[in-house]
Amino acid sequence: MIKNPAGIANDIVVGIIDSGIWPELPSFDDRGFGPPPAKWKGVCRGGTNFTCNNKIIGARYYSSQSARDDQGHGTHTASTAAGNVLKDVSFYGLASGVARGGLPSARIAVYQVCDDLGCSSADILAAFDDAIADGVDVISVSIGTPEAVDIDADTVAIGGFHAARRGILTVHSAGNSGPQSATTCSVAPWLLSVAASTIDRKFESKVVLGNRKIVTGISVNAFAWNGLESPLIHGDPSIGCPGACGNKIVICDSINEKELAFEAGAKGVIYPYNTPDDASVVALPAAGVDFQTLDAVISYQNSTKNPVAKILKSDTVRDPGAPLVASFSSRGPNSIISGILKPDVSAPGVDILAGFSPVASLSENPYDKRRYNFNVLSGTSMACPHVTGVVAYLKTMHPDWSPSALKSAILTTATPMHPGNVQDPTLTYVSTEFAYGSGQLNPVNATNPGLVYETSAQDDINLLCNLGYDTARIRSVTGDKNSTCLARADPAAIKDFNYPSITADVSRTRAAFQIAFLRTVTNVGTAKSTYTSQIVPTMGRLKIEVTPPVLSFGSLNEKKSFTVTVSGSKAPAEGFLASASLIWGDGVHSVRSPIVIYT
């Protein structure tokens, strides 16, 4: 293990609301850590057989008898966000190298709210209250719902609002219901909502057929093939195998049948994958292939009297096309607040190797008896803690920044992605900013954004007012009996919410349109600086003007306002989407905001 650095980073506390943690893993060893920071007010109430240390300084459980993780999910997210730096880590020899969390020197406080039955809303809200009172610096929530719900019924949004009022940013997974449009479950503007993207490493699994032809699929297959080729048979979709499957490789017609084949005693499985980034851990030698490849394997099996094959252990290969938005990653537009672009940003969420509970199934197959301290998982749950670690890192450099400033820094410095840089370019509507938000996470650039877009708690309340929420609904979110609307509800005013992106739904427009968006930026770069605006077209035709086109600052924390006017020359058709980017530059900083107009 590489020694963690000392300094202010040791004072940052990352709160993980999830399924708990396995404290004895090397990822959470506390060698090199001193006592918890003086600001820490939390406790170690981990329950049965649970001990904290100077790395895991807080633990609470709600839905079971311990904060000890028996599922692996919480351990995986915690180690991704703030796990120690470890050498020579792999998954049974696959993907070997150095493993580390986003901020290895940070402390961890864990709040166990999920078990085999799910994640209780009451427990999630209780965990937020405890994390806020304990004094965490950032909250990571890789928990979601299949679809978005109203803000006053969204426990993560409610908890995130309370956290933001106390200066704590909540990072939230966008959901795994993609690539369909309007599926993201993380919609509140005070949450940092994260989509999942691929990384530059992928797992390939080769199948050697009896005719010496090699076909390539995907899976995380850690099994070395023993012996010669085995008989190759084509499974019956209704029962998984046509009779006895022992010592045979079974060709399945659906991904779900591979579990049945395992149960029936198959030696290996060839199955059609659901998505091209679904390289899940398998419980026996197996390879997922596309349907064209599956047809080729079936053709060989049908044309040969004694078809045989063998499935080789997976290889880890470089993926030069990364990052791509994962097929499963939930898409926008925002189904609750159409004027707020969601998801916010994309981060690595496919084939992520991180710590895991040594009592949990690696493949979620009850017949898989392997247990290991690391696992490879995919999901926006894995993308979320990557961003959490970056937020924690930003807190070490800018401890006085507000949650909205931290969020803005990440969004406006994200690396641009383009319609062609997604998994399914035929789905134009859900393969642009609605897939990746502002772009791919760029941790280095986020430390020095130049300008930030900030909002206050009252701004958030005003947005709820303009959504039409009455006083009772607003107070159910804020928990404050004094919360009230300062003016009559105005849905049109939502466009002027000071968000780092600019979005409008023009579905009701029956003619040419013109929309003016008001924004305000705060100078956090160079005291005396001048920024010039630039519009970079991305897709579709829009006329965009910025007034004033130049902003001059004379001091740090000075604020300047501007208006972005977006015009369309004709009535937009159904399914219309046009996008561009507004970039403020001073020769050093590049502050980019996506502009998305859609129906």
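Glycine too: its Cβ is placed from the backbone N, Cα and C atoms.
Automated prediction, rather than curation, is the source of TrEMBL annotations.
Mean pLDDT of the predicted structure over the domain 'Peptidase S8/S53' (10-436): 92. Per TrEMBL, the feature domain 'Peptidase S8/S53' maps to 10-436.
Marked as active site, charge relay system by TrEMBL: D18 (among others).
The Cβ neighbour count for H73 (active site, charge relay system), using a 10 Å radius over every protein chain in view, is 22. Annotation comment: TrEMBL describes H73 (among others) as active site, charge relay system.
Taking the Cβ of S381 (active site, charge relay system) as centre and 10 Å as the limit, one finds 26 other Cβ atoms among all the protein chains shown. Positions annotated as active site, charge relay system by TrEMBL: S381 (among others).
TrEMBL lists 496-597 with the feature domain 'Subtilisin-like protease fibronectin type-III'. For the domain 'Subtilisin-like protease fibronectin type-III' (496-597), the DSSP counts in helix, strand and coil order read 1 helix, 62 strand, 39 coil.
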Number of Cβ atoms other than its own within 10 Å, given for D18 (active site, charge relay system):
28
Distance, H73 (active site, charge relay system) to S381 (active site, charge relay system) (CA atoms, angstrom):
8
